[in-house]
């Protein structure tokens, strides 16, 4: 199946098509205005959003620092059982063998001694040294 259009023009006209049977109704600027309303609305909403974001940032920047930051006493750090960094260790960041920086975090236990917190994001070194597809086999232990 093929579809073709064949326009024939009278010899005395230019390249504008001739309307013969339908009424020539001009919709005028109403269609153009209706088509432009969604884009105008979207532009207005975008401007309103930017204005509110700028106003919020200005109000946050105008607040004094003393109201937003609460100073913490040193005694509160030592009395708090939460995680705290060991102040006696001078280099807080060391380079590991792979070249990335590593921070040391210590946990103060109930007995008062400080132990390093195990890194839960990185697997232990012995698991990284395994080769091949042995990591697919589940490790069974009786412990």
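In case you wondered, yes, glycine gets a Cβ from its N, Cα and C as well.
Per Swiss-Prot, the range carrying the annotation region 'Required for plasma membrane localization' out of 62-78, 79-95 is 79-95. As annotated in Swiss-Prot, transmembrane segment covers the listed stretch 31-51 rather than the other ranges in 31-51, 115-135. In Swiss-Prot, the feature O-linked glycosylation site is attached to one residue out of 14, 25, 59, namely 14.
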